[in-house]
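Visitor: According to TrEMBL, the protein carries these features:
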TRANSMEM  B:12-33  transmembrane segment
TRANSMEM  B:53-75  transmembrane segment
TRANSMEM  B:87-104  transmembrane segment
TRANSMEM  B:110-128  transmembrane segment
TRANSMEM  B:140-160  transmembrane segment
TRANSMEM  B:200-220  transmembrane segment
TRANSMEM  B:241-264  transmembrane segment
TRANSMEM  B:276-295  transmembrane segment
TRANSMEM  B:302-323  transmembrane segment
TRANSMEM  B:329-348  transmembrane segment
Amino acid sequence: MTAPAIQLKGISKAFGPVQANKDISISVMPGTIHGIIGENGAGKSTLMSILYGFYKADRGEIWIKGNKTQIPDSQAAIAAGIGMVFQHFKLVENFTVLENIILGAEDGRLLRPSLAKARKELAHLAKEYELNIDPDALIENLSVGHQQRVEILKALYRQADILILDEPTGVLTPAEADQLFRILDRLREEGKTIILITHKLREIMDITNTVSVMRRGEMTATVKTAETSPEHLAELMVGRKVLLRVDKKPATPGQTVLEVENLRVTDDKGVERLKGISLSLKAGEILGIAGVAGNGQSELLEVLGGFANGVGTIRMNGQELPLTGKGSNGQARRDAGIAHVPEDRQREGLIMEYSAWENSVFGYHHDPAFQKGMLMDNAGILDKAQEQMDRFDVRPPHPKLAAKNFSGGNQQKIVVAREIERNPDLLLIGQPTRGVDIGAIEFIHQQIVQLRDQGKAILLVSVELDEIMSLSDRIAVMFDGHIMGERVPSQTDEKELGLLMAGITQEPTAEDWQVVDQQFALQEEEHEGENNG
Amino acid sequence: MDKMPQWADVVLIPLISLLLAAILSALVILAIGENPWAAFKLMVEGALMRSAGWGYTLYYATNFIFTGLAVAVAFHARLFNIGGEGQAMLGGLGVALACLYVPWPHWSLAILGASVGAALFGALWALIPAYLQAKRGSHIVITTIMFNFIAAALLNYVLVNILRPVGAMDPATAKFPEATHLPTFRDMFSTADNIMFRGAPANVTFFLALAACLVVWVLIWRTRLGYELRAFGHSESAAQYAGISPVKITVIAMLISGALAGMMSVNTTMGESERLILNSTEGAGFIGIAVALMGRSHPFGVLLAALLFGFLYQGGAELALWTTIPRELIVVIQALVILFTGALDNMVRMPLEKLFLAMRKGDA
């Protein structure tokens with residue numbers, strides 16, 4: 001019998017009073033993909049940091065290929081054949097692919113021989129693993145998916161046969177994620193061992209052989225992927241039964257709240273991002289905007305939210321809103337009854353250094369209710385924030401804690417609470433569950449549906465087609481700044497939406513279907529898997 | 001969870017930095033054959049043991065409070081105002097105009113008028129770089145530095161060609177009228193048989209500086225403007241999401257900053273020289289940067305740091321007077337303090353953070 005590629009025995013690690021890893025043992029056989037799944041803060045990243053030599057475990061042993069191994073730093077990890085692909089790439093933007101690959105692994109003081117050697121090796125790797133990439137391209141000119149490929153090549157160049165990938169699909173489009181999985185599949189065939197850290201159930205079900213579930217620093221289960229189901233994994237992750245499907249009644253649309261006519265937006269580089277968008281949204285319905293990221297959805301939210309200029313007409317409750325100049329800013333939009341949960345909560349929705357209570361009025365701080373004479377009513381805001389956090393189940397419920405100290409899901413809850421609390425007529429919500437753990441996803445989806453049932457209009461933008469399909473009452477698909485068409489979820493499927501997302505509106509040819517088939521092969525498989533399970 | 005308790009960040013790190021600077025200074029003094037302990041004693045005696053010494057220490061501190069607050073306010077909006085020096089010079093011009101051309105009945109009114117003049121001129125001098133930053137993206141560090149030179153040249157021109165009294169030889173205005181002379185600490189605290197603060201320039205402006213600390217604290221942490229200012233400083237993209245205008249905040253923050261820097265001149269020009277002279281600022285605008293850094297941009301921290309630098313200035317002057325330690329070395333000592341408290345902050349911070357982490361682990 002072959003020895004496991006990696007075996008961890010009783011790893012424990014504490015940060016002060018926080019026990020990040022408690023007595024963790026796993027064993028991964030060579031030539032397999034092992035998933036580690038858990039909510040944010042469950043201790044996945046700590047465990048992998050120990051394996052890669054960033055942290056030293058308080059207790060426990062690491063065995064690599066049957067030998068007990070000490071990993072005091074990342075050099076030792078590389079020497080042991082471990083390669084890591086971080087969630088945030090560690091690449092030098094203005095270096096070429098080749099230069100990045102030899103960075104830190106140069107053979108001598110002169111670069112030329114190393115570069116020549118790397119070029120040959122790269123060609124070899126490209127052939128062996130179908131990892132094609134132009135070695136002379138600058139990193140900054142590569143797509144995110146290709147940058148990730150460079151990271152993988154970096155590890156392979158250093159002769160890694162154990163690859164750790166930390167949330168690799170977080171930054172990828174669905175098509176890119178699909179390509180990544182094909183590469184991983186190929187690597188597995190060639191005998192590499194892969195550890196995939198993620199919080200997405202779909203990825204685990206798609207590609208792993210075995211999966212370990214972590215919750216609050218402990219390993220709650222290790223199972224064969226074939227013998228489990230998403231529902232079961234979710235329950236193991238959260239510690240209770242979780243609704244993966246959104247539970248909602250049919251919509252009862254009322255009066256028209258938002259009307260957009262022929263809306264155009266040009267960005268600061270002079271590129272037209274919205275090319276004449278028209279849509280309307282009624283009270284009590286959720287309009288989902290589907291599309292591959294970067295097709296104008298962000299700009300639509302920005303211009304509606306008042307922080308990008310545009311040309312065209314936006315009417316809110318029959319009143320026309322200015323699209324440029326003084327009356328076009330976040331304050332004016334809020335006054336008009338538009339609340340906005342932005343796509344990027346860390347860059348836009350929150351001030352990360354501000355405490356939760358300070359964030360709880362961010363954007364609404366002009367409201368007289370939060371003033372006391374010439375000063376801000378800090379004590380009153382604090383009280384309200386505390387009450388809000390309790391109601392929205394923000395954990396930990398400490399309003400004085402800085403936003404950066406909350407997990408992604410809880411940060412999002414702070415933003416959603418703030419925007420919903422204002423009882424807006426229209427809620428703009430972008431990527432509501434990006435980087436949010438399963439328990440919080442369920443909660444946020446419930447909040448959105450509840451708001452709809454109170455007769456509010458909701459404009460939902462998401463790159464997760466699942467989320468669009470399950471939440472929306474109507475779906476509009478965006479491609480290259482246009483709306484390609486509108487569909488009702490019950491009368492469409494992912495294939496049809498996929499065509500629209502690829503910009504194809506005429507009767508599709510065989511070739512078109514091929515494109516879509518490729519793009520959605522992965523999701524199809526999974527749906528079958530779900531039905532069977 | 002934060003890495004360190006807050007008191008360690010606010011108190012311990014500056015103290016350790018200061019100690020390191022002191023040790024290194026002692027070594028330098030030792031190297032030129034003087035006794036560092038005696039030098040230190042001399043500094044303390046000269047600056048803190050006599051009321052006259054205090055009178056100088058507090059006079060310098062007053063300048064540094066204003067310029068330190070100026071840098072701190074701008075820094076909260078992530079604007080690095082290096083132009084305190086030039087804004088203070090122009091502030092001096094505002095003071096001079098207010099004192100020379102308005103017939104004030106009493107000093108209490110005159111100080112208000114002069115403060116307004118100083119603030120107005122200082123703010124005006126900050127407005128142009130602010131506008132260029134907000135509208136044109138010209139980097140504020142570069143423009144404010146350049147404006148220091150322009151301010152010096154402008155002041156030179158105005159003093160020599162316009163404000164210099166006929167027949168006078170030095171580039172300075174006429175003496176301000178009697179009614180605008182501010183009460184010094186000597187006037188305020190001496191009794192008939194016990195004269196305090198003899199000959200020292202500290203004056204009522206010190207209390208104006210203390211009030212400014214309080215006002216800045218309220219502004220930054222208790223008002224809507226302060227909330228927006230800090231939000232903008234932390235994240236411009238989030239500020240835009242919230243509907244906070246970057247142009248407006250940049251301009252307002254710099255106006256306040258320039259006004260505070262300008263008000264320093266009430267102390268030097270009105271309180272001490274009682275006429276406007278060239279180079280009345282004596283580099284206080286630049287010391288303000290170190291003061292704000294050391295004081296963590298908090299008004300109370302700025303106050304403490306300003307007192308420290310006041311002590312260094314006065315103690316340094318005493319050293320130059322009574323020992324063979326050359327004046328240049330005193331500048332070296334001051335520079336070491338700036339280096340350790342400002343620039344080398346992380347050198348002390350990182351080992352200390354590790355220490356606290358280890359200690360906490362011990363508890364758990």
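Residue 1 is the first one shown; counting continues down the chain.
Every residue, even glycine, has its Cβ placed from backbone N, Cα and C.
Map these features onto the structure and tell me what's around them.
Guide: Counting residues 6+ beyond its ends, the transmembrane segment (B:53-75) has Cβ neighbours under 8 Å at 45-47, 81, 84, 87-88, 184-186, 197-203, 205-206, 209-210, 212-213, 216, 219-220, 229, 233, 253-254, 256-261, 263-264, 267-268, 271-272, 281, 284-285, 287-289, 291-293, 295, 297-299, 302-303, 305-307, 309-311, 313-314, 317-318 in the same chain.
Outside the transmembrane segment (B:276-295) by six or more residues, the chain places 14, 60, 63-72, 75, 82-89, 92-93, 95-96, 148, 155-156, 159, 163, 170-173, 261, 264-265, 268-269, 301-306, 308-309, 337-338, 341-342, 345 with a CB less than 8 A from a CB of the stretch.
Listed by sequence, the residues of this chain that lie at least six past the ends of the transmembrane segment (B:329-348) yet keep a Cβ under 8 A from its Cβ atoms are 13-14, 16-18, 20-21, 24-25, 28-29, 32, 289-290, 293-294, 305, 308-309, 312-313, 316-317, 319-320.
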Visitor: Between the transmembrane segment (B:302-323) and the transmembrane segment (B:110-128), do 3 or more CB pairs sit under 8 angstroms, pairs being 6 or more residues apart?
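Guide: Between the transmembrane segment (B:302-323) and the transmembrane segment (B:110-128), which are separate recorded stretches, there is no contact, as judged by 3 or more close Cβ pairs.
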Visitor: Does the transmembrane segment (B:241-264) come close to the transmembrane segment (B:87-104), meaning at least 3 CB pairs under 8 Å for residues 6 or more apart?
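Guide: Yes, the transmembrane segment (B:87-104) contacts the transmembrane segment (B:241-264).
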Visitor: Against which stretches of its own chain does the transmembrane segment (B:140-160) lie, if we need a Cβ under 8 Å and a gap of at least six residues from its ends?
Guide: 79-83, 85-87, 89-90, 92-93, 125-126, 128-130, 132-133, 171-173, 254, 276-278, 285
